[in-house]
Amino acid sequence: MAAVTRGCRPWGSLLGLLGLVSAAAAAWDLTSLRCHLGTFCECDFQPDFQGLECDLAQHLAGQHLAKALVVKALKAFVQDPAPTKPLVLSLHGWTGTGKSYVSSLLAHYLFRGGLRSPHVHHFSPVIHFPHASHMERYKKDLKSWVQGNLTACSRSLFLFDEMDKLAPGLMEVLVPFLGSSWVVFGTNYRKAIFIFISNTGGEQINQVALEAWRGRREREEIRLQELEPVISQAVLDNPHHGFWRSGIMEEHLLDVLVPFLPLQRHHVRHCVLNELAQLGLEPREEVLQAVLDSTTFFPEEEQLFSSNGCKTVASRIAFVL
């Protein structure tokens, strides 16, 4: 399908955008399998790569790997008229580094309805799978939800947030949907996109970034080959991660592990400038400095990386103003 340009436009407050994610997550009921007739009930998949790349360039600070990997994987997948399997991305990194932001951008630039599209499905462990004792019911509901919605529209996006808070075993019902079979359960599913998000591997990514800094290597010299093995091992070693002892890992069903690097002081400054611009305010040095001074950095000796990335920038600006 040809790209439909919607342009690169200001997103407004990052907190507002992430609020849409939470609101969208709360809105879906796993027991309902129908796409209710409405504005976007037809498949509204209309990718805009120009807009996506523009937004990533302007607003995603310090993530050269994530930008390149996500865009490359998406373009190759969408431009393939007959993919052999769904696209499966796993996003990893420290809190506030941009994982949820990127997933929200993907929904916006891939679907006309954005996060409100009936073909974008966002799952949160706290909202959708809160009780470990109900796991068998969750498995049945999730399998039916994915199967039913792929029957309605093969171009569907499934977002699974906070994978490091998800009870192991639930994701096993997705294994048949993520492989290279022609059909599964009578459903054509090869054009779907699955995105998994977690903080698992964040400490290992931070350590690689710290060692690169200490070795006087440029941040942009860090490559996926350095990070992929340590992220995979962190997932395999974490009994609280949804992929622990999972066929998804054992059968190598993840197409790309996308690492998000820890943010340095100048990246946080970039986020502050973006937020001020989105609020329609002129950049003021005293505001920039106040936000940076109130931000905690680590390790204790180097004070190099932001403890919360850019996650608290909007609230800190509001407090300073």
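Cβ atoms here come from the backbone N, Cα and C positions, even for glycine.
In TrEMBL this protein carries:
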- 1-26: signal peptide (SIGNAL)
- 85-226: domain 'AAA+ ATPase' (DOMAIN)
- Gly93, Trp94, Thr95, Gly96, Thr97, Gly98, Lys99, Ser100: ATP binding site (BINDING)
(request) Please list residues from the chain of Trp94 (ATP binding site) whose Cβ is under 8 angstroms from its Cβ, counting only those at least six apart in sequence. (result) Asn199, Gly202, Glu203, Ile205, Asn206, Phe260, Pro262, Phe305, Gly309
(message) What does the DSSP secondary structure composition of the domain 'AAA+ ATPase' (85-226) look like, as residue counts for helix, strand and coil?
(response) 71 helix, 24 strand, 47 coil
(request) Within the same chain, and leaving aside Gly93, Trp94, Thr95, Gly96, Thr97, Gly98, Lys99, Ser100, name every residue whose CB is within 8 angstroms of the centroid of the CB atoms belonging to the recorded ATP site, in sequence order. (result) Tyr101, Asn199, Gly202, Phe260, Gly309, Lys311
(message) I'd like to know which of these binding-site residues, Thr95, Thr97, Ser100, is least surrounded, judged by other CB atoms within 10 A.
(response) Thr95
(message) Just to verify: the residue among Gly93, Gly96, Gly98 with the fewest other Cβ atoms within 10 Å, which of the binding-site residues is it?
(response) Gly96
